[in-house]
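S.K.: Sharing a structure with you now.
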Amino acid sequence: MADPIAEAVAKHPPAQSVVYSYGTAGFRTKANVLDSVMARCGLVAALRSRALKGKWIGIMITASHNPPEDNGVKLVEPLGNMLTVWSTLLLYPCCDVRMRTRTNRYTQEEWEVLATEMANKSSPEEVSKHYRAIADKFHIDLQTPARVVIARDTRASGARLLSCVLNGLKGASAEAKDFGFLTTPQLHYMVRCLNTEGTADAYGAPTEKGYYEKLGEAFKRALHGKKPSGSLTVDCANGVGGPKLTELIKYLPPKGEGLEIFVVNDDVIKPESLNVECGADFVKTNQRAPPSSKAGSNDRCCSLDGDADRVIYYFKDSKNMFHLLDGDRIATLAASFLGDLVRQSGLSDSLTLGVVQTAYANGAATNYVVQNLKLKVDCTPTGVKYLHHAAEKMDIGVYFEANGHGTVIFSIDTLETIAKYEPRSPAQKEALDILRACVDLINQAVGDALSDMLLVEVILAHKNWGLQEWLSTYDDLPNRLLKVKVTDRRIFETTDAERRLVKPKGVQDDIDTIVKKVRQGRSFARASGTEDAVRVYAEAASRAEADDLAQKVYKIIETAGTVGVA
Ligand SMILES: CC(=O)N[C@H]1[C@@H](OP(=O)(O)O)O[C@H](CO)[C@@H](O)[C@@H]1O
Ligand SMILES: [Mg+2]
């Protein structure tokens with residue numbers, strides 16, 4: 001008897017001797033070994049949708065800030081969040097959106113494991129068997145409709161990998177909605193809109209136009225008559241963010257009454273230029289503007305990454321010195337502004353705000369949040385899914401990775417409180433109107449460079465600040481991020497939100513000994529979840545000390561990680 005699953009999978013045989021793993025941001029590696037993974041992700045997404053009685057599941061084909069020859073795939077949950085919470089939804093598949101967000105019971109990453117297993121099955125028959133085993137294990141009725149929404153970034157391999165996904169979905173008899181090119185956050189937005197359409201929690205119109213209209217309208221409302229000063233130059237990493245930002249601009253106030261945006265590095269015709277010498281990762285890692293930048297002194301600039309889910313700001317001062325305003329800065333700016341709005345609207349007795357960071361957050365940013373803003377800070381492992389989950393536990397959770405990934409999320413109860421609150425004075429009403437507009441401006445599903453960028457512009461306009469004033473809120477500790485090539489990065493195991501190594505034995509003690517000698521020194525090492533390397537981070541009171549500390553820890557890791565090489 002014909003087996004459509006095995007037949008679909010047989011069209012895309014796996015590459016020899018590659019072991020796939022669903023990492024920090026899904027499956028991500030060289031595009032030429034991903035065909036089989038794509039088809040199988042189609043199967044997993046179909047199963048997931050069926051487990052949720054036909055809810056839309058998202059598939060995003062992207063490798064974000066990685067080189068043009070890479071690609072990857074991420075699965076997106078019904079509310080636009082990441083795979084981690086799948087099991088929550090499995091335990092409570094019939095409850096509504098509100099119930100689910102309030103429920104914190106789930107076992108970590110069960111479905112990520114299933115996806116990894118699926119990707120590593122060797123024969124089409126084994127894949128088909130695994131598909132049925134998952135259905136059995138989770139009592140999934142394979143007759144239930146499955147619905148999957150897909151988008152991709154502008155990589156050359158995207159079209160081929162999309163056809164693999166579509167074959168997988170066809171094999172599983174799933175309905176597929178292909179949005180073509182979208183930014184990652186736009187795809188998350190579509191998933192959430194499609195699943196909430198017609199409900200009390202309707203998120204917006206599930207179209208590109210709906211996305212632009214929502215952002216454009218909220219931006220105008222949030223500005224509340226204030227005018228951003230000067231212009232903003234946006235480096236789009238030669239990725240999908242370029243054409244999408246150009247479209248979004250049509251929905252923003254005209255430049256005379258709003259913000260003048262210059263779109264640069266938006267060459268999607270040459271996919272080989274994606275993320276090359278430009279984009280958020282280049283700027284953050286090299287701590288300098290893209291070489292192509294023509295920005296003058298004090299010009300406001302920002303860079304997106306290849307799939308437009310992260311943004312960082314920067315400028316050169318009058319002495320030609322480069323200054324970076326990264327994710328930590330965006331978090332502190334947003335937390336201070338939203339905290340003020342909550343207070344000014346009279347809501348501070350009912351709502352609390354918190355900030356979530358990773359170990360890569362600059363120590364000065366953490367101090368500023370605790371000491372100046374007097375807010376709670378949580379530290380999670382690297383990866384947006386962990387930050388998002390921690391932020392979900394707060395009334396208003398501001399979460400950002402230092403590299404510019406992040407957003408602000410409002411709990412369901414908070415949204416209700418904000419919606420129902422009756423202001424008691426004109427001042428309270430004004431603050432409340434702006435707060436409500438910010439809720440609509442901020443992408444609640446996932447960190448979104450375009451939405452975050454507009455939020456920053458709103459805040460700067462309200463505070464009447466340029467980047468220099470924003471920068472002067474605190475001084476970053478000089479820091480350095482290095483990548484160490486090791487024989488097998490899996491031997492590096494961490495604890496305490498990845499801030500301490502438990503294996504190999506003794507390595508953490510060596511790091512501690514060195515760190516102790518450095519003024520304001522902090523350093524840690526962890527295996528990357530997206531690249532074959534161990535990352536070393538170091539910060540200290542001065543640039544020279546930070547660099548020196550990073551080098552010393554680099555050596556420790558290199559020695560510990562060089563196994564069996566003469
Ligand atoms: C230090 C760093 O920037 N790490 C990045 C990087 O993860 P690694 O696990 O460090 O490779 O890629 C992730 C996905 O894009 C991103 O979430 C994370 O912040
Ligand atoms: Mg990205």
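Indices start at 1 and increase along the chain as displayed.
Yeah, the Cβs are placed from backbone N, Cα and C, and that goes for glycine too.
All TrEMBL annotations are machine predictions without curation.
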S.K.: Kindly point out which candidate in Ser64, Ser523, Ser528, Ser542 is recorded by TrEMBL as part of the Mg(2+) site with Asp305, Asp307, Asp309.
M.R.: Ser64
S.K.: Given the recorded positions Ser64, Asp305, Asp307, Asp309, find the one whose Cα is closest in space to the Cα of Ala527 (substrate binding site).
M.R.: Ser64
S.K.: In the three-state scheme derived from DSSP, which category covers Arg535 (substrate binding site)?
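M.R.: Arg535 (substrate binding site) sits in a strand per DSSP.
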S.K.: Can you grab the distance from Asn403 (substrate binding site) over to Asp305 (Mg(2+) binding site)? Cα atoms, rounded to a whole Å.
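M.R.: Cα to Cα, Asn403 (substrate binding site) and Asp305 (Mg(2+) binding site) are separated by 10 Å.
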S.K.: Using a 10 Å cut-off on Cβ-Cβ distances across all protein chains shown, tell me which of the binding-site residues (Asp309, Glu401) has the largest neighbour count.
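M.R.: Highest number of other Cβ atoms within 10 Å: Asp309.
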S.K.: Find the member of 228-312, 326-465, 481-555 that has more C-beta pairs under 8 Å to the domain 'Alpha-D-phosphohexomutase alpha/beta/alpha' (57-82) than any other listed stretch.
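M.R.: It is 228-312, which has the most Cβ pairs under 8 Å.
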